[in-house]
Amino acid sequence: MSYSSFENNGSGTAGPTNEADFQKLAQTIATSIQKILQNVSSMQRMVNQFGTAQDSPELKQQLHQIRTYTQRLITDTTNLLNELINCKERHLKIQRDRLVDEFTAALTAFQSVQRKTVDLEKNAVRQARGASGAVLNKPPGGGSSNHSSMGSYGNSHNHSSSSNAFEDNFVSQRGGQTQEQLQEEIDLQALENQEQTIRELEENIVSVNEIYKKLGALVYEQSHTVDSIEASVEHTSVFVAEGVQQLKQASHYQNKARKKKLILALIAASILAVIILLIIIRH
């Protein structure tokens, strides 16, 4: 295949210059698409474990890693497809369009699992915030009453015993409050991490939607260009056929004119011969 079978894609990247390069690039894209689908399947299994006994921070970290890798793979595959978009041969265009369809299906599956993850994460955040609010709004667990009881109890016992009991109770309350504060900080950090994950997922969804638009625009532009070329070829064929037909008609008319001239010449010759014959007879 000659270099003219491919056009410059105008993206600043070097596309294939012959069919061998095209097939090599197409194989790379097909492998990437299969890897995306495998990753999506793994992500789906992980998401299905949310809220179960298998759910854990390690599971979500693993999901985050595979999601990030898949997002990068999608971006790279988009760039590779962009290099194939300007092929001119019909059988290569068919192969390219099939790859675009398969890639679009993989993107759809990836978007689906991302949206499901967003929904589950948002629901978990709402539940966690609700539980946190209930704990924060809970009335004190009787520290004041214990202190009051200690005071009353001290009225009936000596001053030393009352002081020791008060100090023990104060230290116990302080320790409990510190543990509660640490747990609240841990829960708050977990909520912030979940919200950050949600923001990243939503950004990824928007990014993939942009890829959808770019693919659609590129395919439409190339299809429109190809249709215009094919239409021009068809119009040219029509014009050539009409020209041939007109030439045939002109040739037909020319032949008829020649026949008319020949007949007229024969008639004129016959008339001239008759006139000459009459003159000879009279003399």
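Quick reminder: no glycine exception, Cβ is built from N, Cα and C everywhere.
Taken from TrEMBL, the feature coiled coil applies to 184-218. Positions annotated as compositional bias 'Low complexity' by TrEMBL: 145-164. The feature domain 'T-SNARE coiled-coil homology' is assigned by TrEMBL to 188-250. The feature region 'Disordered' is assigned by TrEMBL to 128-167. Here TrEMBL flags 262-281 as transmembrane segment.
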(message) For the transmembrane segment (262-281), give me same-chain residues lying six or more residues beyond its boundaries with a C-beta closer than 8 angstroms to one of its C-beta atoms, as numbers and ranges.
(response) none
(message) On average, what pLDDT score does this prediction assign to the domain 'T-SNARE coiled-coil homology' (188-250)?
(response) 66
